[in-house]
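Colleague: Let me begin by handing over the structure; questions about it come next.
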Amino acid sequence: MLFSAAVLLALLPAGLTAPSAGPLDKRAPLIQARSPAKVVPGKYIVKLKDGITDAAVNKAVGKYTASQVYKGVFKGFAGTFDAASLEAIRNLPDVEYVEEDAVFTINGIVTQTNAPWNLARISRRTAPSTSYRYDSTAGSGTCSYIIDTGVDTAHPQFENRAFWGANFAGDGQNSDLNGHGTAAAGVVGAITYGVAKKTKIIAVKVLNASGSGSTSGVISGMNWVVTDKATRGCPNGTAANMAIGGGFSASVNAAARNMVNGGVFLSVSSGADNANAANYSPASEPLACTVAASTQADAAASFSNWGSLIDIYAPGQNILTTWIGGGTNTLSGTSMAAAHITGLGAYLHTLRGSLTTAAQMCPFIRSIATQNVLTGVPTGTSNLLAYNGVDCNLSVAAPTCPQ
Ligand SMILES: *[C@@H]1O[C@H](CO)[C@@H](O)[C@H](O)[C@H]1NC(C)=O
Ligand SMILES: *[C@@H]1O[C@H](CO)[C@@H](O)[C@H](O)[C@H]1NC(C)=O
Ligand SMILES: *[C@@H]1O[C@H](CO)[C@@H](O)[C@H](O)[C@H]1NC(C)=O
Ligand SMILES: [Ca+2]
């Protein structure tokens, strides 16, 4: 692989300056790679003094077989050298230092520029921003079930990652005839509008074209997810989105509990009645991750439900997402907020593996959330805004994730 000079400079360890040789040692210093395990044996990068001419670079390379010669801002060469050659190179007058070559791995963070505000928001502690930063694993190997009006699974934004699951809406029409489910699925996992851009989307239709369905149909859909996930191929974990709700129902809450205990991370909308989430289901089920909506100005949305059962806030105003028929739409509501947390759960399942079970995921999301940045949060409601932890080391059990 050929690196340009500029790239090579970017790859040098931060803070690296060429140490000067000791007074008794006239040789150019040999800098060891930071991690011995990553050294490429026998390969070295030779840094020549700044400002020397290209002719001088050629002269220094001389008889050595260089795999790369750098003549830009970083002057030098690289190659495989035996001990005698290395010794001779270190004694050349224009050599500033020699560094062991090492395996360099990218940190895996991807930046989506010109991203929708809401995606940018959950990858930063502070607003505003226009780029969404996330780990390139992006929820791969997870399944995200969308319990809603169906999903336009053929929408190009889902890149053939969306599948029809089951229909309990009682209309026998295996498509999204409303748009709401497709919009939620987009925030979960669409390639442009989604949080977890590699998750698999499975449509579970429980609401018809007018967005209505029965409690019994909803419960059937919830139960179906728990059995289906065993056959779906989701080695890294399962999330489900319920951006739907009704009045308090002990049965719906029990089904929600069973989902979480059955290994499904369940994100639910708090409801949009500016009321206590305790009076709605599944929002009132403690094991569900109950999501309230925040605005682009970092305020609690005036329509959002609230109360002690709210686990987290996520963006829920002017959310650009997928729509039926292959298009897009801009929506506000706690549904859109819940979809961010479903996507985040899938994303974190991939990153955290066995460190976080489905039941532990909501507390984990709360533990890394951005604290006390939202205005207008009602007393008694946690002031926590969703954060994807992109600047934290999420490979440890209990990451320290500075605010
Ligand atoms: C599961 O997650 C790991 C990262 O933790 C990733 O490397 C792997 O590709 C994922 N599995 C699948 C099937 O995508
Ligand atoms: C949708 O379902 C509701 C409740 O079951 C029913 O009242 C309504 O007529 C249905 N609408 C359509 C368009 O099927
Ligand atoms: C994260 O922490 C683990 C355990 O301390 C460590 O092995 C790993 O190198 C850390 N990763 C980063 C990117 O700091
Ligand atoms: Ca909860």
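The backbone N, Cα and C atoms fix where each Cβ goes, and this holds for glycine too.
For 1-17, the entry in TrEMBL reads signal peptide. Residues annotated as domain 'Inhibitor I9' in TrEMBL: 61-104. The feature domain 'Peptidase S8/S53' is assigned by TrEMBL to 146-359. Summarising the annotation, TrEMBL assigns active site, charge relay system to Asp148, His180, Ser335.
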Colleague: Determine the mean pLDDT over the domain 'Peptidase S8/S53' (146-359), rounding to the nearest whole number.
Modeller: 97
Colleague: What's the CA-CA gap between His180 (active site, charge relay system) and Ser335 (active site, charge relay system) in angstrom, rounded?
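Modeller: Between the Cα atoms of His180 (active site, charge relay system) and Ser335 (active site, charge relay system), the distance comes to 9 Å.
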Colleague: DSSP helix, strand and coil counts for the domain 'Inhibitor I9' (61-104)?
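Modeller: In the domain 'Inhibitor I9' (61-104), the DSSP-based counts are 9 helix, 18 strand, 17 coil.
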Colleague: State the three-class DSSP label for Asp148 (active site, charge relay system), counting H, G and I as helix, E and B as strand, and everything else as coil.
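Modeller: For Asp148 (active site, charge relay system) - judged by DSSP and reduced to three states - the answer is strand.
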